[in-house]
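To start, the structure itself, in structure tokens.
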Amino acid sequence: MEPVNTAVSAESDAADADSGTGEAPAAVTLGTIQLAVEELWPESLAEDWDEVGLVAGHPNAEVTRILFAVDPTTAVIEEAIDFGAELLITHHPLLLKGVTSVAANTAKGKAVHRLIESGTALMTVHTNGDSAVGGVSDVLADALGLQNVAPLTPAANGLPEEGIGRVGELDEVLTLGDFAARVFGILPSVAGGVRVSGDRDGLVRRVAVCGGAGDSLFGQVRASNADVYLTADLRHHPASEAREAAVNDRPYLIDVSHFASEWLWLPAAAEALGNVLADQGHDVEIRVSTTNSDPWDFILTPG
Ligand SMILES: [Zn+2]
């Protein structure tokens, strides 16, 4: 599988912040980073069904390097170890469902062992990262140039600007074809590309987005009067029923890679955490994974 070709690294500027004091940067513990993560992406914003926070690792362990990634796959864990990261922060949980064993005779058990035996902590920032300001859908909306952005579903325990999905307006009317090209241009390159339902020459201005799987939000999308809805993992029945229920043929649908739609958040998240830690005088090197964890490798299309 090809690595993501839009690698971005974010490093804290703690060295600059410390210049003049003559003191070495303070060592940072995993527990301190947990507090910084909570400040940026509070666990109270996570959905009820979700499992976020620290998965493996000792709060007293010292952290000098952090890797951000979408999925805690074997390849990503090895990338974190090769980088020398003492902490891997992933968007998706490794252990979302209850487990009674982490014996190394399953893929997830092996992952837990590899993490602990290599001294690599694992932390999950999932729907709390989706919902927060500067979260997954916010970054997607920003990359598309949307303005007057608001959540599709406001957070139950948050501010009005926090919640799942976003809707906003382009600064100009675009054809659906040109908008899809814009979508294609901002996302990392993946085998599945970008799928579109609707008239290529139809005009769009109001855009709803939800990074990751968003086919539970069609009601909110219709209520938002969006011309087009961009999300991932659109299955046949929800997608075809949404098109049957379209008014004036809208909302059009754009289906993208789940991985790609969420990868966009990683550089912004790495930068945000780097800034918080740097402001506290901590010197931590933070990178974004270059592993493409989209499960698809190639596609055949007619013509
Ligand atoms: Zn996801």
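Along the chain as shown, the residues are counted starting at 1.
Cβ atoms are placed via backbone N, Cα and C, with glycine included.
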According to TrEMBL, H91, H92, H258, E262 bind divalent metal cation, and the residue from D48, D130, D138, D142 that belongs to that same site is D130
Matching 1-23, 277-299 to TrEMBL annotations, region 'Disordered' lands on 1-23
Other C-beta atoms within 10 angstroms of the C-beta of E262 (divalent metal cation binding site) total 24
Filtered by Cβ under 8 Å and at least 6 apart in sequence, the residues in the chain of H91 (divalent metal cation binding site) near it are A69, V70, D71, T124, V125, H126, G129, V136, E262, W265, L266
Cβ contacts within 10 Å for D130 (divalent metal cation binding site), all chains included, total 29
Of the binding-site residues listed (H92, H258), the greatest number of other CB atoms within 10 A surrounds the CB of H258
